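Working notes for the structure below.
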Amino acid sequence: MTIQAVGVLALAIGLAGFFFDASFILYAFFCATLLGSAAAFVLTSLGGTNISPAHLLLGFLAVKLIADRLVLQRIAEGIAPGRPGFWLLLTVVYSAISAFFLPRLFAGETFVIAVRAVDSFNFPLAPTMANLTQSIYLIADFICFILIYGYARDTTGRLTVGNAAVCCVILNLIFAGLDLATYATGTTELLAFIRNANYALLSETELAGSKRIVGSFIEASAFGAATLGYFAFATKLWLLGVRPRLMFTLSLLSLCALIFSTSSTATVGLAAMLLFSYSEILFVVMRRPLTSQMFFFLIGAPIVFAILGCAIALNEEASAYVYNLLDTTVFSKLSSSSGEERSSWNVQAWQVFVDTFGFGAGNGSMRTSSFPLAVIANLGVIGAGLFALFFAGIFFGGNNTGAHDSLEGAYRQAAKSACIAWLITATISGSLTDLGMPFFAFAAIAWKDSASAGFVRSQVVRGRRILRSS
């Protein structure tokens, strides 16, 4: 095992967390989830497996929060039968069991695209180290989810995790700015200490004459997928009237970062997310009054897009640039070598599902290019059903009383939008069953049960809704 400089820093922060309030280590953990290209430790005995700073801090967060009896009691309530935490726990347990037994049960019966293979060749199904590591990642996701849920059951906790999520949006933009600044000045080595994971890093690539923003991630597509979630979070808060100037600024800057990442996943996901948000407001207008920001978005968005479209169409140079960019990232993507390769992964994923009679090949056995296909190829019908019950509990469960009229309710709705955005990007290009700790951290914020309905209230002054907690 080798320890990296960023690992020493994370270790120091984790130890310091024992001497401060729990909010300190919580903020540190949320910020650490952005370090997608960093390794705190490298486990050479496990094939060079990376331990990220976020996973390291998760351990300290667990020790800090579980020491609180009230949080421990809430965690126990969160995994009660029928709750999302219960379904996620079953998903994780089943994934661990499948990772051990299914690759051995169906060994040699089908061919898979190995998770850690350098080349995209079909290999006969067999147990690999990825079965272990992917199961560990899912276990960490569950721990992250249930810890944050347990902490965020009271007003102070909910506001703390909501503010920590806002800090993630800001820090993600700071990393994007540093990425551009260091590239422009030839000083990219300054970020080497957070780009030390033993992955293939694509941090200095260009497309259509511009630098592809990667921020603190390993490549532009990973940055774009993550940023879409933060864009959805900030945009939802702006639409709900929470700190409108700040959230509008963060939303606009995140949109620019998305565009300059030139990621196919981010581009398609952005279009889908904007369409979803617009449709949601059309549905809301039939049930209750709109905020001024919602009204502006409902009326102004089509006008702005029409003006931009006309301006680009009337400028030959601009239209050629935009067309070439969209053609490269979207229109011709499926016919490119990368698109054909990823399409073949999905075809093989379905074949694995069929060859294993719907049981799947075991968690960590198969790499795909779509999260739903990754689930059925690795976890089969049972795993897909458990995941579906978890998602249903997050997105449709709980009492919606006051869901939109408090700052806490706004954070929940914004976190739900971020999770939807990440599900969209995972459906487009997700390779594994692990959606990442940011998804499960925000899912814990988004989860609302009936017990939390009595904590919030709203007040209307001069026709404007003031979001507050009580």
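Cβ atoms here come from the backbone N, Cα and C positions, even for glycine.
Automatic prediction, not curation, is the source of TrEMBL annotations.
According to TrEMBL, the feature transmembrane segment maps to 84-102 (among others).
The transmembrane segment annotation in TrEMBL covers 135-152 (among others).
Under the heading transmembrane segment, TrEMBL lists 164-184 (among others).
What TrEMBL records for 213-233 (among others) is transmembrane segment.
Here TrEMBL flags 295-314 (among others) as transmembrane segment.
For 373-398 (among others), the entry in TrEMBL reads transmembrane segment.
TrEMBL lists 419-447 (among others) with the feature transmembrane segment.
Counting only same-chain residues 6+ beyond the ends of the transmembrane segment (213-233), those with a CB under 8 A from a CB of the stretch are 34-38, 165-166, 168-169, 172, 175-176, 178-180, 191, 194-195, 197, 199-203, 205, 207, 250-251, 254-255, 257-258, 260-267, 269-270, 273, 277, 414-415, 417-422, 424-426, 429, 438-439, 442. By the Cβ criterion (under 8 Å, sequence separation of 6 or more), the transmembrane segment (373-398) is in contact with the transmembrane segment (84-102), since 3+ such pairs are found. Most Cβ pairs under 8 A with the transmembrane segment (164-184) among the ranges 84-102, 135-152, 419-447 are made by 419-447.
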